[in-house]
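Student: Got a structure for you, questions after.
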């Protein structure tokens, strides 16, 4: 009897244990489904935000010209935008760490709404410059990256961040086309009204579809305890603290300098396309759409696949090496068809470098500082836009288009030799 009771008890415990495992499995599946849903919403917000951004970038020269802004004044306008984004990137990241990714995305979308509202009211040059001020908090891409960083495991992060490049391609293609078509048919101010409506829609999507807490519960406790020594949104000491983590400074320097020459080229591209390639405005738009398609294919499909089969340091070395080859191709190109060929490895290297460095740097710091790290990474492009017009203008005027290629070749060859001979001491932080 006792043996039978023991068997019955054991069977009951096994059934209960099986039911508990099934329940936990269902909860895990529900949690995973919810995470995938939130990540998709982040992709939608990023795509819409980038579409509106490229739409205003295409319209801005014509709007400025209609208000009587000359080329020098337009340069000041672009520099103002770059400085605001440069200063705001880190502040936005710290805000995301302290108040959550949802609050940060809402802040970015609301800032975009104010940005486009002021553009619709820009009937004078001072108001046009004033409309740049909300750009300090317009960081839709870093906000989406913060959501994805919170909702993915370290092993999934590179692939998930890489798919944001698909959103970037969508933004380039549809933003450029919409800006040109709408301004031609309905006037230069019409795209700003569309941008205002789009930013309001983005705000509502973020408020409704992004959960208030995107970090896993274990990370939430770490965040509450905090490793930060300052509660302020901007602190030089906090930036230096993040840079002291193993390998962070080295990877960040590689991120900045590897893409700097091509960043200077892209800033001068509107002038190069007219003077060097002899393209009309429509043809230049087609070329940008071609770049956007390449971006979608490479970051949406290629980078994620490679991250599953290669280590991140291998991909970092590969991107720098390809960048060096791109520099040689740029130095030798003479026609727009040459550029179309060079653009394939260029987009691959650029996309891989951006995705892999973001993934490495967010894993190298505590989970409570991923927003600040993403904000620092997001400041690289505004920094290039700030110093780029001056440096790029001098290079183009004094040495021609080939100078960008030779600079790209020399810088990235030096970085590749450094990566080959030196082992960067990276440590993945655990929650």
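Cβ atoms are placed via backbone N, Cα and C, with glycine included.
Pulled from TrEMBL, these are the listed features:
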type: REGION; residues: 1-22; note: region 'Disordered'
type: COMPBIAS; residues: 10-22; note: compositional bias 'Basic and acidic residues'
type: DOMAIN; residues: 35-426; note: domain 'Major facilitator superfamily (MFS) profile'
type: TRANSMEM; residues: 41-63; note: transmembrane segment
type: TRANSMEM; residues: 75-92; note: transmembrane segment
type: TRANSMEM; residues: 99-119; note: transmembrane segment
type: TRANSMEM; residues: 164-182; note: transmembrane segment
type: TRANSMEM; residues: 188-210; note: transmembrane segment
type: TRANSMEM; residues: 251-272; note: transmembrane segment
type: TRANSMEM; residues: 284-303; note: transmembrane segment
type: TRANSMEM; residues: 315-333; note: transmembrane segment
type: TRANSMEM; residues: 339-361; note: transmembrane segment
type: TRANSMEM; residues: 401-420; note: transmembrane segment
Student: Let me check one thing: do the transmembrane segment (339-361) and the transmembrane segment (99-119) come into contact, meaning three or more Cβ pairs under 8 Å with sequence separation of at least 6?
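Tutor: No, the transmembrane segment (339-361) and the transmembrane segment (99-119) are not in contact.
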Student: Is the transmembrane segment (41-63) in contact with the transmembrane segment (188-210), using at least 3 Cβ pairs under 8 Å (sequence separation of 6 or more) as the test?
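Tutor: They do touch: at least three Cβ pairs between the two stretches lie under 8 Å.
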Student: In terms of Cβ proximity under 8 Å, which residues at least six beyond the ends of the transmembrane segment (401-420) contact it?
Tutor: 254, 257-258, 260-262, 264-265, 268, 272, 276, 313, 316-317, 320-321, 323-324, 326-333, 392, 395
Student: Out of 75-92, 99-119, 164-182, 315-333, which stretch touches the transmembrane segment (41-63) the most, going by CB pairs under 8 Å?
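Tutor: Ranking 75-92, 99-119, 164-182, 315-333 by Cβ pairs under 8 Å to the transmembrane segment (41-63) puts 164-182 first.
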Student: What else in the chain is close to the transmembrane segment (99-119), if you only count residues 6 or more beyond its ends and a Cβ gap under 8 Å?
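Tutor: Residues 42, 45, 49, 52, 56, 63, 92, 127-128, 130-140, 143-144, 146-147, 150, 189, 192-193, 195-196, 198-200, 202-203, 206-207, 210-215, 371.
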